[in-house]
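Record features (TrEMBL):
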ACT_SITE  K206  active site, proton donor
BINDING   L12, G13, G14, G15, S16, V17, G18, A19  NADP(+) binding site
BINDING   K106  NADPH binding site
BINDING   E191  L-homoserine binding site
DOMAIN    355-434  domain 'ACT'
Amino acid sequence: MISYRSLRVALLGGGSVGAQVARALLEDGDELSQRVGARLELVGIAVRDVDAPRSVDLPRELFTTDVDRLILGADVVVELMGGIEPARTHVLKALASGADVVTGNKALLATHGPELFAAAEQVGAQLYYEAAVGGAIPIIRPLRESLAGDRIVRILGIVNGTTNYILDRMDTEGGALEDVLADAQRLGLAEADPTADVDGYDAAQKAAILASLAFHTDVPVEAVHREGMRTVTAAQIASAARSGHVVKLLAICERLTDDDGRDGVSVRVYPAMVSRTHPLAAVHGANNAVFVEAEAAGSLMFYGAGAGGVETSSAVLGDLVSLARRHVVGGPGLAESKHADLPVLDIGQVTTRYAVTLEVKDEPGVLAGIAGVFAQHGVSVETLQQSVVTTSSAGLATAVLVIGTHAARESALAATVADLEAHRVVVGVASVLRVEGA
Ligand SMILES: NC(=O)c1ccc[n+]([C@@H]2O[C@H](COP(=O)([O-])OP(=O)(O)OC[C@H]3O[C@@H](n4cnc5c(N)ncnc54)[C@H](O)[C@@H]3O)[C@@H](O)[C@H]2O)c1
Ligand SMILES: N[C@@H](CCO)C(=O)O
Ligand code: NA
């Protein structure tokens, strides 16, 4: 029997993920020791309430509310409390003491990443965060290490399981968003307050983390253009289906060149149409997937469980084993690479395709008038579908036009839509959806 030295592991948080990490450390300790070359000794679990009921049966003496004391003397601190404060203060304290840190806290990283990485670098400590994006799916380490010699061009991610579940059910069952959301809440899949998921805040935090890594640039979450999915209607999903598309809430990180020839990045979250032939269209239920396009590697897809206590604990334990091995061998941790320092460009500089749905008067010359507005702004029309003409009780005959465009600048499309709204033959602009993943 080999006798290993011990690494003292302090766990902050014993909830869905934390309890599973604790269980694995206690049950699989021998095997993990062999992989690491040191024993991972769980010295305590900081929680809000020591007597709260837990999903996993863990020794009561491990629990404490004294976070500061637990951090003191730890070799590795695993932060799974969530939220910004007091998690930020605890992580900074752990790093300052020379401990390595594993965290799954996307909110903290997206808002205070540079401060935390600087604190880690100052003392040569390591900060790992695989669980922060895509739960169990390995995506941080592939971007940080495997693809470090390549140039990432674009990332399209389904990084929020709740919204993917809702949109998938709307697509397959045809329900309205509010009904499917209410059902998801009843089943415990969506939070009682669904704001973070439905309004895209959670996806924006993950987009900021992915873009920072992929483009070697600090991308603060405030720089992410964010549109939630509350406005997506059953009619939009049905119309997308008719043209062979599905609607997904996407986190998009992309290299761009702006009107002045400046290189930059665009980081954005919005609901968009994706062709049913694209691999992201096959991501169903609450699953996540990150589709990465790199110059040399080409297209790669990372797919799996984006949440769940047991699943996410896999990512945390992977970080823990990896960081503990390095701790045993010695030497500084991986520094964050921010050398490119690219500007985050305004949404107006984005080039993509669009599906514009218009209600128009049914009279001669309408199509020519509409086509003229697109042409005037340099937006090229690719497809046009016209639905059956209906006549209102006031005797007004109208038709619905769905116009698919070629790739165009967002600023040109916005100007086109403004002119269409004011056009004599247009009764209303019913919907504008981007089409991504061409
Ligand atoms: N649950 C998931 O599927 C999932 C997936 C990916 C990432 N994450 C991230 O992992 C982290 C943990 O998530 P979770 O779902 O396990 O959370 P949770 O709410 O189930 O558990 C949080 C734990 O932290 C403790 N805690 C919170 N504030 C504290 C404080 N001030 N002092 C002491 N203890 C405190 C609570 O007592 C609880 O034990 C979060 O950052 C979350 O974003 C979770
Ligand atoms: N609320 C998140 C949890 C995982 O970060 C989701 O629905 O994907
Ligand atoms: Na992950």
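Glycine is treated like the rest: Cβ placed from N, Cα and C.
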Looking only at DSSP and grouping its letters into three states, which state does the residue listed as 'L-homoserine binding site' belong to?
coil
Take the C-alpha atoms of G13 (NADP(+) binding site) and K106 (NADPH binding site) and report the distance between them in angstrom, rounded.
15
Determine how many residues of the domain 'ACT' (355-434) DSSP places in helix, in strand and in coil.
24 helix, 35 strand, 21 coil
DSSP three-state call for S16 (NADP(+) binding site): helix, strand or coil?
helix
Neighbour tally for E191 (L-homoserine binding site), based on other Cβ positions within 10 Å of its Cβ:
14
Looking only at G13, G15, G18, the binding-site residues on record, which one has the least crowded Cβ, with the fewest other Cβ atoms within 10 Å?
G15
Looking at the binding-site residues listed here (L12, S16, A19, K106), whose Cα lies nearest to that of the residue listed as 'L-homoserine binding site'?
S16
Around the recorded NADP(+) site, report the further residues of that chain (criterion: Cβ within 8 Å of the mean position of the Cβ atoms of L12, G13, G14, G15, S16, V17, G18, A19; site residues excluded), sequence-ordered.
L11, Q20, V21, A22, I45, V47, L80, M81, G309
Could you check which of the recorded positions G14, A19, E191, K206 have their CB within less than 6 A of ligand 1?
G14
In the three-state DSSP scheme, K206 (active site, proton donor) belongs to helix
What three-state class does DSSP give K106 (NADPH binding site)?
helix
